[in-house]
Amino acid sequence: MRLPRAFAPLFRPSPLHIYTLSTLNLNHRINECLRDGNFIGARKLFEEYPHSRNVVSWNSLINGCFKTRQISEAQKLFDQMPRRDVVSWNTMLSGFRDTENPQKAHQYFLQMIEHGSRPNELTFAVLMSAFFNTEFDVLIPQLHALVMHLGLNLNIYLGSALMRGYIGLGKCDCFRRVFDEILVKDVVPCNVLILGYMEFGLISEAKRLLMRCPREMLSLGVS
């Protein structure tokens with residue numbers, strides 16, 4: 001598969017994070033505030049210690065913005081970041097997925113590629129889940145091709161997301177092939193496989209698989 005020139009920067013090495021004690025303390029306190037639902041306190045810490053911030057500080061606050069539905073503020077902070085890493089981009093994609101804005105997720109993914117930030121397995125898992133049952137789900141096969149081109153692993157999260165995408169597209173053969181390509185499987189992709197068979201009307205296949213699955217999967221209620 002020949003990819004556009006825009007994908008060439010994906011193979012640049014990423015810079016290392018540099019931590020100081022004050023930075024670690026700041027990030028710990030910001031995350032404590034966010035866990036307690038105190039976004040105002042987290043923002044105050046972020047503003048009071050500008051020289052102790054690093055990319056983790058920015059990522060945490062942006063995630064807090066999405067959790068409190070401050071979408072415009074999250075975008076503003078992202079634009080102001082002196083440096084971004086793959087977590088920064090994934091945070092934006094996750095935020096747009098959780099706020100049901102697949103168009104923005106698609107837009108930021110394209111920007112990620114243009115800026116030369118290499119996507120990882122989580123990037124694609126989040127993006128595919130953002131596209132489920134939307135007009136953007138037709139892009140899922142292209143994302144699958146890019147995953148293969150980049151040599152990424154089909155872990156349980158990416159593999160399960162890809163399976164769900166193909167179920168939504170009605171591609172039974174593709175969804176089953178993805179399951180076979182997941183190297184280490186657990187209950188998650190097995191559940192998706194059973195539900196996929198049921199969606200495609202392959203009830204006997206679903207029952208047969210259920211007989212071979214771990215006990216915890218019996219909660220699906222297929223009999």
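Including glycine, each Cβ sits where the backbone N, Cα and C put it.
What TrEMBL says about this one:
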type: REPEAT; residues: 54-88; note: repeat 'PPR'
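Tertiary neighbourhood of the repeat 'PPR' (54-88): same-chain residues 14-15, 17-19, 23, 26-27, 30-31, 34, 39, 42-43, 46, 94-95, 98-99, 101, 115, 117-120, 123, selected by CB-CB distance under 8 Å and a gap of 6+ residues from either end. Under DSSP, the residues of the repeat 'PPR' (54-88) split into helix, strand and coil as follows: 26 helix, 0 strand, 9 coil.
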